[in-house]
Amino acid sequence: MNPASSAVPAKGKPTLSTTDGDTTELELADVLPSVPPPPNVTRMAQSGDEAGLRQLLDSGKISANYRDPDGITPLHWAAINNQYNVCKLLLEAGADVNAVGGESVATPTMWAAQEKHYYIVDLLTRYGADHQITDGQGYNILHLATFNGNIFLITLLLHQGINVDVKDSQGHTPLMWAAYKGYPACVELYLSWGADVTAIDDKQLTALHWSLVKGSLQCIQKLIEYGSDRFHKTDTGNTPLKAAKEMDTLHIFQEALLECGYTKEARPKHTNAPFFLSVPESRESFLKRFLFFLPFFLIWSALVALSILPGILSFLAIIGLFIASNWGVSRALKEFGAANQRSMHKTPFLAGIFAATAFWLGLRYLTTIFPATYDKHPILNIAFVVLYGMCVYFYAFAMRADPGFVPLIESREEQKEVIQDLLSQWRYDDRNFCVHCMVRMPLRSKHCRRCARCVAKHDHHCPWIFNCVGVNNHRQFLAYVVTLEFGIICYITLAYFHFSSLPEVSIDACMLIPAGMCQPIWADPFTMYITIWAGLQLTWVTMLFIVQTIQVLRGQTTYENMHGRHHGHEDRDVSSMVSSMIAGGGTSLHGVGLTPGGTGPNPVITTPGGRAGGHAHGHAHGHGAHGHRHGPGGGGMWNKILRLLGVDTFLATAKDGVADNKHRSRRRQNPWNRGIITNCNDFWCANIGELFKGGNGGEATLGGQKVDYYTMYETPARLRSGYQSVAGDDQV
């Protein structure tokens, strides 16, 4: 044997060299320690390895209060990585829910709040989490929740009885933090909850001072509306006005002041104005009435100008009247209007246009058309009178009625019960709970920003009746549209008979006017022009009539038609949602996969596949930037006009009809559609006696059965099997 070769160990065997140069082959068992290394508990908690942790806990190899070298418990890691089932396992095994650890010396509840995991926060709260504890920087859980601006988490915490004005180590309240971060929804929530708008921190800064750093117009405006001191000085003598100059947000601050009825110097605007314009409540009420009745004068003036002024001069007068009235109304709204009255379509002005048109048209009918046509056309006159009367009645009813506002819950304890109930069903989100009204949102309901209330079976907010259209006035609204449609047709027909009986005029006097219109314009210009005006209204009324009729036949609302969803709050099948949560151990449905480096998921950043990615969360408080999605823009003046006239809805309905013919196999199912005949019967014929007296507290008929849209939280069982939701998001 070759000596050299004898010194070489067998291939693949580990060797050990001795001091005398000998080489000894080793077996694998010789190099293994007698005691196995501790398991990677942190990784298990991060990834949601419930089975592995349970095995370790049951075997006694680790304690539920195990701490890593940084003093962090598995409950911390599970909480910040949104591992609901792991958190529950650890808590049931005796984990200390208030254990502090890490550089921030914070509790697991704080870690969860930092990442907006409100289901985890609720779980830890039910196991005794103390919300009065502060971390190493002096922040309590409400401060940490405010840093990321999650309105649902803040709402949950406020209902736990936390002091809304609790201060951190430097005297900052949650309201100050929300204002500093520029979160209007959080600012409004804190103010409505009773937060002290005059509170000051250690340097004498108020929430108004802090809001000027970010420069959020809505935040600043809300603080001013709630009575923030506009002249308060800090310990360095800075007023909000001076602070705004230093922060380069002066123009935003001054805009907010003007919106709230103050001068750019923060002084009251209307100290010398009459009482009804100097008091905000009286000013708002006066403006509503004034703008409603203003069209009566404008329409009359336009008709008179067209009737008495010659040719081109009359049209110039109309243009001048339009420009002057538009400028005057805009100026009045800017000077005296409340924050929710800054644009014309947010006032009763458009509703006044219809009322004025109906008034002058009805008056002209009584004084001119009726005497000239009743003898020859009595039935048509009777039909018009009936249609006119019903139209005015249904218009007034739709405008004045409660459209179906979802009843508010006054008691905070009852609100808390609603929140807890939704949390237990995994439905505490913006589809099921309204943080503005603090109510559970029934199916097909929607929060209307104009009305500042949730509306049951919400159809749309109509500026032409200055009200929402919902479960209690939808039938009356459509009756108004139907009677208006046929009423205009009757009126135009009667006007034609009236004009036919007028004496002929010389063709030479007609100039560029068609001969058919020349005679009535010369003989009875006022009647002719108001008839033309009524005919113009027939265009948008016809489109509205067609759209509403199609929607009734389909059993859907305008909102559902326009946004492709059916208010089912079920964009995911409930059973699959729960299964995903149980399998993944989390509540976000984003999965719990590990990165190649073995770190846990980031529940804020998701991949296109729906799984969370990124890095495991550290234990320092990251007061990062707030991410948000901007909704679609306003689209300019032309698009606003199209929306006011209902053209956008008409085009969307027509496009949907064409799409259905081409792609019928892929058509989304509507859970509220029971067939054309049943849909019409539900809408029109059920409780027909209530047509003239309105809805009955949210009650309606669906498939021939009574339903209550105030308390409908589940899709009726008979319909649920055919339901497919349409995902999407809407801002109002």
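Any Cβ shown, glycine's included, is placed from N, Cα and C.
Note that the structure is a prediction, hence the values are computed from the model and not measured.
Look at TrEMBL and you will find 1-22, 611-633 tagged as region 'Disordered'. TrEMBL lists 70-102, 137-169, 170-202 with the feature repeat 'ANK'. The transmembrane segment annotation in TrEMBL covers 312-329, 349-367, 379-398, 477-499, 526-547. Marked as domain 'Palmitoyltransferase DHHC' by TrEMBL: 429-563. Taken from TrEMBL, the feature compositional bias 'Basic residues' covers 614-631.
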Residue distribution over DSSP helix, strand and coil in the repeat 'ANK' (137-169)
16 helix, 0 strand, 17 coil
Taking only the residues in the domain 'Palmitoyltransferase DHHC' (429-563), give me the average pLDDT of this model.
90
Under 8 Å Cβ-Cβ from the transmembrane segment (312-329), and at least six residues away from its ends along the same chain, one finds 291, 294, 298, 301-302, 305-306, 344, 349
Reported in the order helix, strand, coil, what are the DSSP residue counts of the repeat 'ANK' (70-102)?
16 helix, 2 strand, 15 coil
Grouping DSSP H, G, I as helix and E, B as strand, the residues of the repeat 'ANK' (170-202) number 17 helix, 0 strand, 16 coil
